[in-house]
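See structure below.
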Amino acid sequence: MSVKGDIGVIGLAVMGQNLILNMNDHGFKVVAYNRTTSKVDEFLEGAAKGTNIIGAYSLEDLANKLEKPRKVMLMVRAGEVVDHFIDALLPHLEAGDIIIDGGNSNYPDTNRRVAALREKGIRFIGTGVSGGEEGARHGPSIMPGGNEEAWQFVKPVLQAISAKTEQGEPCCDWVGKDGAGHFVKMVHNGIEYGDMQLICEAYQFLKEGVGLSDDELQATFNEWRNTELDSYLIDITADILGYKDADGSRLVDKVLDTAGQKGTGKWTGINALDFGIPLTLITESVFARCVSAFKDQRVAASKLFHKTIGKVEGDKKVWIEAVRKALLASKIISYAQGFMLIREASEHFNWNINYGNTALLWREGCIIRSRFLGNIRDAYEANPDLIFLGSDSYFKGILENAMSDWRKVVAKSIEVGIPMPCMASAITFLDGYTSARLPANLLQAQRDYFGAHTYERTDKPRGEFFHTNWTGRGGNTASTTYDV
């Protein structure tokens, strides 16, 4: 009798193929299936040639070739396609078998699938996988959540193929029940949007404002690799800025300035609004991509308003350091807001997410991997109840040290006409978050004026609510008390 597979993978696009090859490299026997079965043969005769990878030509064939409990990983497009494959798989599975969704599914879908499949005796895991094609092949960041009973069976495979920290720790651990893994992956993607936009704002300020040459820009980002900004996105930015087209000019200058998006940043912003978390920077990064898409409108508007960008005067080195500090401080705010959203969701759904472990999952293998994620892990290990990352002594010190230069950069960008929506929103958030008193007293009075929404008083206990006739005619005031 032939040896059966340890795990099956459905979907032979590049991500699926690379994960399979990664699993094979780590000694796991993988059964590969694709709806278009000719792709199975192409894979077996191509990248998988000479390996122990097994082909399957139907879902029944796939199930028959797997050890029990069967473990089947879906690497297919998120949405209805996932439900289609689940429904098609069910007749060939039995109680205790495991389905893993490794795509970018929206976490409510994962919540639904975990519950529905539990009733059928099938254990479902929704896992975020980050790192792109290279990560999938050589070690991605993996964020599993769902039915915790399944974790012991898939843990050896997923942790083996994941990226590892310098200390050898796997960038894969159990996140929480139901849709916790896909929620954390969604926030990861939102932070990715923010990081990319912040880098672009620094790039434009230095290029068009300060007037750095192409060589100076590349050198600057190369130098930043040796600072707290050290990260995958800084690395690739330095590479991009140095890449020359056939004519010797920088290719990046010929790339059309319209950015695409797949929707996960939008999901993060929508969930922030639903949970009441001020995810200002990430939401602005999504809107920045939306503005970039209005290319024709922007060109017309620039002519209509005679838009020009002013020159940033002063020592280039001084401005480069100021921008570096502003970029780092803004990045801290982005992560702080992201973890605030994760905390709120974890408490709402009772997921019990370990925030330090979440930072570890992102330390290597994924798009947002960076040096200071180790510091984030340290902060949450020192204080698991930390609400605002900027309150940690390490990050508080960076924010305070950067404050003057941060304000200078944002103010100068407004003066010369360079849009910096994310850096500006970051410092504005911090100013608001650290303000003991905000003008919301007037706002709440306005709400009470036109809608009788009531208000609390500073000279009365919290929980006692008042309504006033603000016209001065009648002078009526009502008082009620209820829990808030």
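Note that Cβ sites are derived from N, Cα and C of the backbone, with glycine treated the same way.
DSSP classifies Lys185 (active site, proton acceptor) as helix under the three-state reduction. Look at Swiss-Prot and you will find Lys185 tagged as active site, proton acceptor.
Around the Cβ of Glu192 (active site, proton donor), the same chain contributes Leu233, Gly265, Ile367, Ile368, each under 8 angstroms and 6 or more positions distant in sequence. Swiss-Prot lists Glu192 with the feature active site, proton donor.
Contacts of Asn34 (NADP(+) binding site) defined by a Cβ separation under 8 A and a same-chain sequence distance of 6+ are given as Ile10, Gly11, Leu12, Gly16, Val40, Phe43, in order along the sequence. Per Swiss-Prot, NADP(+) binding site is recorded for Gly11, Leu12, Ala13, Val14, Met15, Gly16, Asn34, Arg35, Thr36, Val76, Arg77, Ala78, Asn104.
In this view, His453 (substrate binding site) is surrounded by 13 other Cβ atoms within 10 Å of its Cβ, with every protein chain counted. DSSP classifies His453 (substrate binding site) as coil under the three-state reduction. Sequence annotations record features per position, and here Swiss-Prot assigns substrate binding site to Asn104, Ser130, Gly131, Gly132, His188, Asn189, Tyr193, Lys262, Arg289, Arg447, His453.
If you take the C-beta of Tyr193 (substrate binding site) and look for same-chain residues 6 or more apart in sequence within under 8 angstroms, you find Gln261, Gly265, Thr268, Ile282, Ser285, Val286, Arg289. The most densely surrounded of the binding-site residues Thr36, Asn104, judged by C-beta neighbours within 10 angstroms, is Asn104. Ranking the recorded positions Arg77, Lys185, His188, Arg289 by other CB atoms within 10 A of the CB puts Arg77 at the bottom. When the alpha carbons of Met15 (NADP(+) binding site) and His188 (substrate binding site) are compared, the span between them is 18 angstrom. The record assigns Gly11, Leu12, Ala13, Val14, Met15, Gly16, Asn34, Arg35, Thr36, Val76, Arg77, Ala78, Asn104 to the NADP(+) binding site, and the maximum Cα to Cα distance across that set is 21 Å. Annotated pair His188 (substrate binding site) and Asn104 (NADP(+) binding site), C-alpha to C-alpha distance, rounded: 11 Å. Annotated pair Gly131 (substrate binding site) and Lys185 (active site, proton acceptor), C-alpha to C-alpha distance, rounded: 11 Å.
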